[in-house]
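Notes follow once the structure below has been shown.
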Amino acid sequence: MEVENEASCSPGSASGGSREYKVVMLGAGGVGKSAMTMQFISHQFPDYHDPTIEDAYKTQVRIDNEPAYLDILDTAGQAEFTAMREQYMRGGEGFIICYSVTDRQSFQEAAKFKELIFQVRHTYEIPLVLVGNKIDLEQFRQVSTEEGLSLAQEYNCGFFETSAALRFCIDDAFHGLVREIRKKESMPSLMEKKLKRKDSLWKKLKGSLKKKRENMT
């Protein structure tokens, strides 16, 4: 799915020739990864989404007055290591690890997804943001804001609390990740030499997802 999105934090749509950012959504099933993605790209809240389905989406935005083309992989909510998971761990340039503030287990599982990234990339210096979703369900909160902030500080990454249902802070989370990627790109020894190889891995992964969808129809 490809949608051009005029994001709220940086008005205006991106022009041609935008830098492409390969983003991977991680987190336990049911935390709202797909709802966040759909709200970001199309300002729509899905009535239903199968948490076992992995899919890819594309959108263009402007972030800090620079065009950005986001290629977003919305993953299934299992923290097991698989061959396909290894592909998107290698191909992704940045990761959004999501949990639900109403589900303490999903918060605890965030560490498993962080470790999966390390198993493949062998470094913790990967662009990453931590997101606590479903803050519209405050009466059911099990994870405090302070706990989320503390974990983000441990990971040395950005932290956002969001509501996909209300489209609260959704743009901020995606924009924050792109800023982290751009920050890493300013250090060529860490990022620049790896971009071509990641692009090849990403294309291979997208082809695998397409075949899976075709087999399901």
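Positions of Cβ are set from backbone N, Cα and C atoms, glycine also.
Swiss-Prot annotations:
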BINDING   27-34, 74-78, 133-136  GTP binding site
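For the binding-site residues Gly27, Gly30, counting C-beta atoms within 10 A of each C-beta gives the highest total at Gly27. In the three-state DSSP scheme, Gly30 (GTP binding site) falls into the coil class. Note on Ile135 (GTP binding site): other Cβ atoms within 10 Å of its Cβ, all shown chains, come to 20. Sorted by the number of other CB atoms within 10 A, the binding-site residues Lys33, Thr75 start with Thr75, the lowest.
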